[in-house]
Amino acid sequence: MSVSLQSRPTTIACLLGPTASGKTAAALALAARRPIEIVSVDSALVYRDMDIGTAKPTRDERARVPHHLIDIIDPADSYSAASFRADTLRLIGEIAARGNTPLLAGGTMLYYKALTQGLNDLPGADPALRAELDADAARDGWPALHARLARIDPATAARLAPNDAQRIQRALEVCMLSGQPMSALLAAPRAADDAAAAYRFVPVALEPSDRAVLHARIAQRFDAMLEAGFIDEVERLRRREDLHLGLPSMRCVGYRQAWEYLDGAIDYRTMRDKGIFATRQLCKRQITWLRAMPERIVVDCIARDSTAQALDALERVLDGLAAR
């Protein structure tokens, strides 16, 4: 084998798509054909005890094919894009060493971007500083901290809502630890990183030719979650003293709305409508991310044979037949 062939990157198929686009069906179809292991690209599936609202793969589905990065942390904890990148690169190597094929599947596009493009050199979390900022917010309110951020990093503040506690806290934390605005750090060239250079990530994107059809699916899916006991799931989480709406886990679509309903802040119908609307907004953002990937292979997720089309696209990628 020539040196050029030896150094050719290993192709990794990535099945990406918005909520309710059929990713699970396509991944399981591939698992019926090849010895794959699925690496979840989903920031909600990492949390334990959050099964219904995140549409986590069922026990039967997980028994049919190994899944990774699911149920790995407690809802009181956080999981970063940096952690995802490190874990995924490690898992890809471990899966290949077992003689299986890794398939990345999910819809958290920020994770995918971190994996394929690397990370900016931002300081890590500082628990003591976060506690200090939380205390300031408890006293003055998050809009006051948003105003503080606007004075030192107006570009970041301009894209954040005054009550976006998690992101305001992180932006202030970065500024205070680094001495630079987060917007400036994000705009700086990424540090050289060879960790992912051994791989060629090829995205197969499940996108709707008619968004209204996907919106109808989203409503049906949310109703199915409610019927499956989603409110009870959130109630169990709500009874925990260490969980609150400011945590990343409780920012997952649907959980905040169900929590507000249980608090008596909104009625059941409003909770349902807000949950569906939030899911549609997530879907819109996911599609925007996908369409910014010129290298993606597009499959119409509302076509009658969408699973077969996705399966064919994935197999072509893995067989080296997809255009480079």
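Our numbering is plain: 1 for the first residue shown, then up by one each step along the chain.
Placed from the backbone N, Cα and C atoms, the Cβ positions cover glycine too.
Within the set 42-45, 130-133, 302-305, the record from Swiss-Prot flags 42-45 under the feature region 'Interaction with substrate tRNA'. Residues Thr19, Ala20, Ser21, Gly22, Lys23, Thr24 make up the record's substrate site, and a Cβ search at 8 Å around their centroid adds Gly17, Pro18, Ala25, Gly107, Leu206, Cys301 from the same chain. The Cβ centroid of Gly17, Pro18, Thr19, Ala20, Ser21, Gly22, Lys23, Thr24 marks the ATP site; residues of that chain outside this set whose Cβ lies within 8 Å of it are Gly107, Leu206, Cys301, given in sequence order. Within 10 Å of its Cβ, the residue among the binding-site residues Gly17, Pro18, Gly22 with the fewest other Cβ atoms is Gly22. In the region 'Interaction with substrate tRNA' (166-170), the DSSP tally of helix, strand and coil residues is 5 helix, 0 strand, 0 coil.
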